[in-house]
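Asks: Annotations for this protein, taken from TrEMBL, read as follows:
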| type | residues | note |
| --- | --- | --- |
| BINDING | Gly16, Ala17, Gly18, Val19, Ile20, Gly21 | NAD(+) binding site |
| DOMAIN | 12-184 | domain '3-hydroxyacyl-CoA dehydrogenase NAD binding' |
| DOMAIN | 190-258 | domain '3-hydroxyacyl-CoA dehydrogenase C-terminal' |
Amino acid sequence: MMITAPTDVRRITCVGAGVIGGGWVAHFLARGYDVTAWDPAEDAEEKLRRLVDAAWPALTQLGLAEGASRERLTVVGTLEEACAEAQFVQESAPEKLELKRSLLAQLDAATPAGVVIASSTSGYPMTDMQTEAVTPGRLLVGHPFNPPYLIPLVEVVGGEATDEAAVAWASEFYEVAGKSVITMERELPGFIANRLQEALWREALHMVANGEATVKEIDDSITEGPGLRWAFMGPCLTFALAGGEGGMGHMLDHFGPSLKSPWTRLEAPELDKALRDAMVDGCDEAAGDRTIADLVAERDQGVIDVLRATGRLPGQREGGQ
Ligand SMILES: NC(=O)C1=CN([C@@H]2O[C@H](COP(=O)(O)OP(=O)(O)OC[C@H]3O[C@@H](n4cnc5c(N)ncnc54)[C@H](O)[C@@H]3O)[C@@H](O)[C@H]2O)C=CC1
Ligand SMILES: C[N+](C)(C)CC(=O)CC(=O)[O-]
């Protein structure tokens with residue numbers, strides 16, 4: 001059978017309609033798709049429609065696609081009905097490996113041949129989840145961020161049995177559907193963003209457990225600190241700017257030795273020449289034509305924009321300053 005081109009997809013099936021499945025439904029509806037949803041919970045439809053209604057004002061503010069409507073959501077009673085005419089399936093069931101394995105096999109059996117099925121899993125490699133499917137080549141991970149209707153990123157990665165064509169199709173489809181896609185060439189536990197978030201999270205839990213910092217201090221340390229930069233410039237380029245005009249090279253030469261002591265607690269790799277060079281090269285590549293001065297200006301303007309957007313510019317705070 002002919003597979004629908006990513007640009008021609010009109011009908012999407014969302015399986016599992018909780019926080020993330022419901023968020024996906026809202027996103028796809030806002031982009032003008034017909035969405036069919038299935039979730040075995042008795043109150044699933046009521047909760048899903050409530051979630052979509054709550055998301056709709058934000059989505060309207062961002063701009064709905066032509067023809068987008070909440071009336072294009074159909075909630076059905078069986079998985080088979082949900083998948084029968086799907087042109088793309090997004091699975092967002094609970095994060096339990098055995099459940100995902102058997103559900104993905106059921107979805108594989110119920111979905112027209114060749115149609116791509118993506119799992120929202122936040123950490124399981126597809127290799128471990130596709131083991132029971134008869135045609136595992138169309139199964140892959142499309143990991144979103146909460147809420148999927150506002151946070152653009154989706155990490156796309158296949159498992160050992162996934163066809164490369166399915167990964168390419170999904171990456172193109174998500175882009176067409178308004179997402180920002182990172183297509184990973186190899187599986188990593190936690191993918192990229194969660195691996196980074198988990199490192200931060202692990203340290204947050206250590207600090208709370210040891211009475212070293214409060215939850216508020218931890219949260220404020222990010223929202224009043226590095227989080228402002230991370231909204232528009234990642235941790236590598238922002239640290240390159242810590243090296244002044246010397247960029248990442250100077251940053252590593254200057255701070256590497258002192259930063260190594262907390263790293264060693266975390267069993268980090270040796271900061272050898274290869275790692276240093278990879279970091280410097282990666283930053284140069286990410287910066288492209290932009291000079292350090294360009295990046296400084298971009299970072300500063302970005303911080304101001306984020307402060308304004310979140311009502312934290314001087315004069316915007318409650319009671320003024
Ligand atoms: N909550 C988050 O921030 C994020 C979660 N994810 C991933 O999304 C997936 C769903 O997580 P949440 O939405 O947070 O969970 P949730 O608990 O809010 O929703 C799960 C939904 O799946 C339904 N369900 C239960 N058994 C099912 C089955 N056999 N088949 C289909 N649906 C079934 C439940 O009724 C529930 O509505 C997980 O794989 C999770 O790792 C990914 C990114 C972020
Ligand atoms: C908490 N979580 C691990 C499920 C979070 C994610 O997977 C991504 C996110 O929304 O931060």
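Residue positions begin at 1 at the first shown residue.
Any Cβ shown, glycine's included, is placed from N, Cα and C.
Automatic prediction, not curation, is the source of TrEMBL annotations.
Since we're looking at a predicted model, the values are computed, not measured.
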Asks: Summarise the domain '3-hydroxyacyl-CoA dehydrogenase C-terminal' (190-258) as counts of helix, strand and coil residues per DSSP.
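Replies: Going by DSSP assignments, the domain '3-hydroxyacyl-CoA dehydrogenase C-terminal' (190-258) contains 53 helix, 0 strand, 16 coil.
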Asks: Sort out the sequence-distant neighbours of Ala17 (NAD(+) binding site) for me: same chain, 6+ apart, CB within less than 8 Å of its CB, listed by position.
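Replies: Those within reach of Ala17 (NAD(+) binding site), by Cβ under 8 Å and sequence separation of 6 or more, are Val25, Ala37, Trp38, Asp39, Ala41, Ala44, Glu45, Lys47, Leu48, Leu51, Val75, Ser92.
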Asks: Within 10 Å of each Cβ, count the other Cβ atoms, then let me know which of the binding-site residues Val19, Ile20 comes out lowest.
Replies: Val19
Asks: What is the number of other Cβ atoms found within 10 Å of the Cβ of Gly16 (NAD(+) binding site)?
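Replies: A 10 Å sphere around the Cβ of Gly16 (NAD(+) binding site) contains 25 other Cβ atoms.
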Asks: Using the CB centroid of Gly16, Ala17, Gly18, Val19, Ile20, Gly21 as the NAD(+) site centre, which other residues of the same chain sit with their CB within 8 A?
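Replies: Filtered neighbour residues, in order: Cys14, Gly22, Gly23, Trp24, Asp39, Ser92, Ala93, Ser120.
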Asks: By a 10 A CB contact count over all chains shown, which of the binding-site residues listed here is most packed: Gly18, Gly21?
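Replies: Result for the most crowded candidate: Gly21.
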